[in-house]
């Protein structure tokens, strides 16, 4: 049996799609020193190569890819989107606007100076900012008819221009951002690692590289005369053992009877007490607890230690500092803080926002009690609420179909903005109603990434057919324009953050990378700073930047 692979691929879009995905993801895993292409650029390069060989892809497949991607972006942004205007949020919003407005202005100027074809400037800007949402917004404005092409301009040519501009510029945008993130602080004789350590010391944040997360352990001790002398007749509230050591007295056996003590309890000689705390907290106990008086009693030690992920929901908690929760007062222990999928340093001064996830451990009933005060315990389920997912997806498309007329001008949202709005709404409702619209984070990540990569396949295949011709005509112009659009907005944002907003450099660099929605650069900067402190800034700008980048793509193609 003879199989003509070339013919098979040209006749079967689904097979072609997954062949390009597989080859691209394989290339993405190749490392050159510490540099790795990443899945998006790996798939894009493969698709460009296959496109240059004459393979094509249906437009409908491309559309479903970008629709899924942008809808999932909205769901992820939903819980934190409205909190961006709280506290430091205005600073983060300003940085995003500086990057975006300067990038749009420079894109128009370079497009005019280099006489770039219609759509090429927009694609170049999307790549230079490593912002796929810009490309999504622009392509959707064309597909939906929101953007009316000038007379004599070919639709397919413009779509190819968008793809080629993005493909040429992406690598320039990524590498220049990583280099600037390292270089700009050094020009001021500042070190990212020192800046991160400064924030850590000022705010009492442990080093992410050194901090290890343990479950609390239970140990029991018999109260002797030495311990009675140490307590000096004070009750548990006055002793404040949990404030001094981090341990919490969960249970007491007195005269054979087990009891859960309150703050008024006074220890007596012969009591047996069970304490819950981290291993190092037990080590900080006064020696009068430990000197030969440890007790091994199954009933006394039979406490159910639970670890749960609590989602911040309640209005009286959102906007408070982490330290105001006083988790230790409830006998609970904080292990992790996650915001917008970014693990944050455990900073007691951090302001909580709806949708934040706190990983808390402690005795099961106490963890559930504190969860009711904060919000709700995240559902540990592998089942997605596909009804809500599909319903809001439909609503997003319907929002995009709504148009308004002003005289002879007709304006509408388009699918991209419509799906963003519906996605944000679903994400916001999910953060406030634990049983509604639940999608496991792993499923959401896979859907978003698959949608993005399918979109990349479509871009590469459509642009690849003329890639050599494009490069010979406009390649150097696009690369020069991309370098300008990538570098100058970052420098402007850095100057605003450093001299007007007076931001710590580690936070500032993280915020700029978030404003550029560039995850790969964030990983490199965290490694360079030897800290996750920059992630605080990244989480502050990332959600709002994703939304505004999509709108910017629509604006660019409308005004081009």
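Backbone N, Cα and C atoms are what each Cβ position is placed from, and that goes for glycine too.
Values in this document were obtained by computation on a predicted structure and should not be read as measured data.
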Per Swiss-Prot, which of 161-181, 182-202, 203-223 is transmembrane segment? 161-181
For the transmembrane segment entry in Swiss-Prot, name the matching range from 386-406, 512-532. 386-406
Ranked by Cβ pairs within a distance under 8 Å of the transmembrane segment (94-114), the first of 161-181, 386-406, 478-498 is 478-498
Using a Cβ-Cβ cut-off of under 8 Å, list the residues of the same chain that are 6+ residues beyond the ends of the transmembrane segment (478-498) and lie near it. 91, 94-95, 98-100, 102-103, 106-107, 110-111, 114, 116, 120-121, 124-125, 127-129, 164-165, 168-169, 172-173, 176-177, 180, 184, 188, 505, 508-509, 511-512, 515-516
Within the same chain, the residues 6 or more beyond the ends of the transmembrane segment (451-471) and with Cβ under 8 Å of it are 16-17, 20-21, 24-25, 39-40, 43-57, 59, 61-62, 64-72, 132, 135-136, 159-160, 162-164, 166-168
Residues of the domain 'RCK C-terminal 2' (293-376) by DSSP state, where helix covers H, G and I: 23 helix, 32 strand, 29 coil
Other same-chain positions with a Cβ less than 8 Å from the transmembrane segment (37-57) and lying at least 6 residues past its termini are 9-10, 13, 16-17, 20-21, 23-30, 132, 167, 170-171, 174, 449, 452-453, 456-465, 467-468, 520
Tertiary contacts of the transmembrane segment (539-559), defined by C-beta under 8 angstroms and 6+ residue spacing from its ends, are 70, 73-74, 76-77, 80-81, 84, 88-89, 91-93, 95-97, 99-100, 103-104, 107-108, 119, 121-122, 125-126, 129, 131, 133-142, 146-147, 339-340, 342, 344, 414, 416-417, 420, 424, 510-512, 514-517
